[in-house]
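Now, the feature entries from TrEMBL:
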- E5, D25, I27, D28: Mg(2+) binding site (BINDING)
Amino acid sequence: SFIGEESVAAGEGSVLTDNPTWIIDPIDGTTNFVHRFPFVAVSIGFVVNKKIEFGIVYSCIEDKMYTARKGKGAFCNGQKLQVSGQEDITKSLLVTELGSNRDPETIKIILSNMERLLSIPIHG
């Protein structure tokens with residue numbers, strides 16, 4: 001099976017089944033792309049029995065290829081990635097995304113979540 005982000009965004013329905021399924025977003029960061037903001041990628045995932053098996057993200061502008069396989073770790077241009085190990089949240093950097101949905105109920109939930117996040121004493 002095949003699920004394409006652009007067709008789903010256009011209103012076409014899709015159902016994730018147990019069948020092996022490719023999930024592809026050819027311009028991940030479409031809004032960034034439209035506004036010439038240089039953070040866009042090609043994202044590909046492969047799912048079997050509704051569980052991700054592997055994923056590939058190619059950051060076009062940076063020329064970085066991120067890959068990950070279930071149980072095998074994640075890599076950037078072939079070099080293994082790992083989390084920082086930082087356990088003190090006050091020394092952590094928080095990155096978030098607001099999304100593009102402007103439905104009033106969704107905005108209310110997002111802002112409530114943001115308020116909770118901003119009350120955490122983080123580094124930045």
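Just so it is clear, glycine is given a Cβ too, placed from its N, Cα and C backbone atoms.
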Compile a sequence-ordered list of residues in the same chain as D28 (Mg(2+) binding site), six or more apart from it, whose Cβ lies below 8 A from its Cβ; state 'none' when nothing qualifies. E5, V40, A41, V42, S43, V57
State which of the following binding-site residues has the fewest other Cβ atoms within 10 Å around its Cβ: E5, D25. E5
Cβ neighbour count (within 10 Å, all chains shown) around I27 (Mg(2+) binding site): 16
